Amino acid sequence: MACGEFSLIARYFDRVKSARLDVETGIGDDCALLNIPEKKTLAISTDTLVAGNHFLPDIDPADLAYKALAVNLSDLAAMGAEPAWLTLALTLPAVDEAWLEAFSDSLFVQLDYYDMQLIGGDTTRGPLSMTLGIHGFVPPGRAMKRAGAKPGDWIYVTGTPGDSAAGLAVLQNRLTVDEPSDADYLLARHLRPMPRILQGQALRDLATSAIDLSDGLISDLGHILKASGCGARIDLDAMPYSEAMLRQVEPEQALRWALAGGEDYELCFTVPELNRGALDVALGHLGARFTCIGQIAPESEGLQFIRDGKPVALDLKGYDHFA
């Protein structure tokens, strides 16, 4: 690939329709030169995606590009940041022009949609994988963090966690769905999750903590609890489910996927009682569902699950990359 690397980049990845004003130099030089706007804090996140680990090797390249960007955008959403720049390091087993065209077309559709610019990266030969670095901006002092939740705060999630795990089960023929529209919905929730960028920005002055759901609700909420030094009570009867999930999946399996399925890329956040009214207004007009599923408790209580008003035991864990 070495002899064709620069022509590959020029053909598939150097095609900005209109450069962002904060990009002084993008693709084509040894480094990108960038200008951080005044009164903005730079937010940066990096994700590596490996075939066979984070995505199926035979995934449609258009879906892969969409999801790879969505995964990174979700990190910005969790901090309340607005997206700006992207770097992409792509490792390919061979140069497949049809694959590259589908991948890059999908990627640039999403970059244009979010007013982002690809500013650099790298290509090399090897097993299929990619590393994306995303950059965004947030007003100083207004970024949401994992630390900050306090006992008495209410715990919310956007959307309907568990749909992505159900979609993966459909993709792997572990779940038989008798309604084509339900299958399409669940597959889309796995292959093309919607990062909650606008919701994250709306939450900046309302939430005391936030995280995106990548490894499962239990695991990701656990990060908030650890960072904040708190416990939590989760009301299992309040968990939100999509209509497709309710029609196609047994209740206990739906609950397990909602709590530990992973890859939903929804937001989990905490809000004090004082801000709940403003929350309804701020998120209500954005369209995405949001549901109160519990309350932050003192650290001594740990993580409790409540059903029918009584504590119940659940043996569930979220995704661990090294387990």
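Note that the numbers count up from 1, one per residue, in the order the chain is shown.
Glycine residues also receive a Cβ, built from the backbone N, Cα and C atoms like all the rest.
Feature list (source: TrEMBL):
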| type | residues | note |
| --- | --- | --- |
| BINDING | Asp30, Ser45, Asp75 | Mg(2+) 4 binding site |
| BINDING | Asp30, Asp75, Asp212 | Mg(2+) 3 binding site |
| BINDING | Thr46, Asp47, Asp122 | Mg(2+) 1 binding site |
| BINDING | Asp47, Asp75 | Mg(2+) 2 binding site |
| BINDING | His54, Glu263, Tyr319 | substrate binding site |
| BINDING | Gly121, Asp122, Arg146, Ser214 | ATP binding site |
| BINDING | Asp215 | Mg(2+) 5 binding site |
| DOMAIN | 28-137 | domain 'PurM-like N-terminal' |
| DOMAIN | 150-298 | domain 'PurM-like C-terminal' |
- [ ] Out of Asp30, Asp215, give me whichever of these binding-site residues has the highest number of other Cβ atoms within 10 Å.
- [x] Asp215
Task: Rounded to the nearest Å - Cα separation of Asp47 (Mg(2+) 1 binding site) and Asp75 (Mg(2+) 4 binding site) - done: 9
- [ ] Indicate the candidate from Asp47, Asp75, Asp122, Asp212, Glu263 with the smallest number of other Cβ atoms within 10 Å of its Cβ, considering only these binding-site residues.
- [x] Asp122
TODO: Take the domain 'PurM-like N-terminal' (28-137) and count its residues per DSSP category (helix H/G/I, strand E/B, coil), listing them in that order.
DONE: 36 helix, 44 strand, 30 coil
Task: Ser214 (ATP binding site): secondary structure state under DSSP, collapsed to three categories - done: coil
TODO: Sort the binding-site residues Gly121, Asp122, Arg146, Asp212, Asp215 by C-alpha distance from Asp75 (Mg(2+) 4 binding site) and give me just the closest.
DONE: Asp212
- [ ] Restricting to the same chain and to sequence separations of six or more, state which residues have a Cβ under 8 Å from that of Arg146 (ATP binding site).
- [x] Ser209, Ala210, Ile211, His223, Ile224, Lys226, Ala227, Ser228
TODO: Pop the Cα-Cα gap between Ser45 (Mg(2+) 4 binding site) and Asp122 (Mg(2+) 1 binding site) into the table, whole Å please.
DONE: 17
Open item on the list: To see if you understand the setup: which same-chain residues, six or more apart in sequence, place their Cβ under 8 Å from that of Gly121 (ATP binding site)?
Closed with: Phe13, Ile27, Thr87, Leu88, Ala89, Leu90
